[in-house]
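The structure appears below as structure tokens.
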């Protein structure tokens, strides 16, 4: 019985509080509540993104070479052209230079047979000739790599340049002797000087930046035809 009386009193209290809240809720008090419809009308949709002057995706383009790069390539090409002249001239004067090479070998040891000196002179000539041809082909390949902006290609060019200088010194002592040897020595020195010039010009900052970029990239607004580049 006591439990049932307690439950009855609780239900009466709940009903009384609900009635008090319903009486306190009037239209005037409703005006203080936020109006969802008014808030919906006041909210504006976000602005649409503009399609004009929108940055486009990077595009790889072919731009004119920097002046230093072009000048370096010209120097290397001239050096290779002179190197081709050296190869042809060496082959032309071979028979005339063999006796001079034999005399140089005999000055070292004169107790050998004549066939030994002739064979030694042939070996000396063809070694120098082969080195000249090999260096010429390597320079061509390195120039292609330089045009394609391969990294570290200048170190390879420097190594080839040192080797070429060694070939010039050897040819000067063993092959470029006599009246026909003087023009050969001068042509080889011209080739070496042009190669050195091409390497030095290729070390200028604009040429180094050109190689470091790897590619020429154009960025600009879509449809604007902008030719600006990321240099």
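Using the three backbone atoms N, Cα and C, a Cβ is placed for every residue, glycine included.
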Students should find that the region 'Disordered' stretch in TrEMBL, chosen from 1-53, 54-106, is 1-53
Per the Cβ filter (under 8 Å) with a sequence gap of at least 6 from its ends, the transmembrane segment (187-208) is approached by 66-69, 71-76, 78-79, 82-83, 85-86, 89, 139, 146, 154, 157-158, 160-161, 164-165, 167-168, 171-172, 176
Same-chain residues at least 6 beyond the ends of the transmembrane segment (74-92) with CB under 8 Å of its CB atoms are 125, 128-129, 132-133, 135-136, 139-140, 143, 146, 175, 183-184, 187-188, 190-192, 194-195, 197-198, 201
